[in-house]
Amino acid sequence: MIRSVMCGVGSALPKKKLSNDEIAKFVETSDSWIVQRTGIHQRYIASENETTVSLGIEAAQVALTNAGMTIKDIDCIILATSTPNRTFPSSAVEIQHALGMSHGFSFDVQAVCSGFIFALTIGDVYLRSGEAKRVLVIGSETFSRILDWKDRTTCVLFGDGAGAAILEAREVEGNVAIDRGILSTKLRSNGAHIDKLYADGGPSTTQTIGYLRMKGQEVFKHAVGIVTDVIDDCFAAVGMNPSQLDWFVPHQANKRIIEASAKKLGIKTDKVVITVDQHGNTSAASVPLALATAVQDGRIKEGDLVLLEAMGGGFTWGAVLIRW
């Protein structure tokens, strides 16, 4: 049978770091207040000449090098983002052109913080169906451009960045105990929660980009409560359970949410990859950034069982179980 094997990862961050103390100079907050509630110490902010596209290009190039491939080996590019360079055409098309790819196809996926999980799942479907042999999946965001920097409840949480992964279709034995690649995926959404996390603008309504708005306590409650269902479904689909995990790579929204989710699932803290302290919440870039960090520092190794999960505005949420 065919499985989608992840054979390369990459990441990119803007040059500018923004510490909690620096934020405290223009909004009523403090380092201790932010750390206590979120676990975030700093985040990276894109400069004027850094964009969702430029960060995505950089992350993609690193992933290609990591995989020992060139852009000629890629059939499809899927970009997960809520902060594209333009309303249209897609930022994925811009990245495709910048990388020198004139064959294949590319497009954007918008599922906010769950975007990378949704994009991976779509890429997996293309590979298993034979539509593509190799897919470059990118999560890239510049959320600093849609933040209200006077709102301390949101501006302290988010940062900019990009992460990328390459999926390749490979023939495997069909044994989940040893097969490398994506073993299962589960996606969900519920539009009843639109008012809890959203941008208050759009081309069809206000003709503006709008600012990010969030009901933090509501998001926290639902993040811990609903994400575990797709995780349980992922394990059930292959007859496994969380105790078999080597690594848990969750959406890096808030350290308290991550810890509460891991506790609910019975996952030990030493198996949880946490980068929110250094990156903040980078939305669709969060999971691939954390994944690339753990691969590059040697924590995640071939054969490891890894769970990726995320929840985003809408709400949208999903999980991917993969053997590295």
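Note that Cβ sites are derived from N, Cα and C of the backbone, with glycine treated the same way.
Reduced to three states, the DSSP call for CYS113 (active site) is helix. According to Swiss-Prot, the feature active site maps to CYS113 (among others), an assignment based on sequence analysis.
Among the features that Swiss-Prot reports, active site is placed at HIS251 (among others). Taken residue by residue with DSSP, HIS251 (active site) is part of neither helix nor strand, so it is coil.
Taken from Swiss-Prot, the feature active site covers ASN281 (among others). Under a cutoff of 8 A between CB atoms, and with a sequence separation of 6+ in the same chain, the neighbours of ASN281 (active site) are ILE40, CYS113, PHE143, LEU157, PHE158, GLY159, HIS251, GLN252, ALA253, ASN254.
The region 'ACP-binding' annotation in Swiss-Prot covers 252-256 and is backed by sequence analysis. Tertiary neighbourhood of the region 'ACP-binding' (252-256): same-chain residues 37-40, 113, 157, 220, 223, 274-277, 279-282, 286-287, 289-290, 311, selected by CB-CB distance under 8 Å and a gap of 6+ residues from either end.
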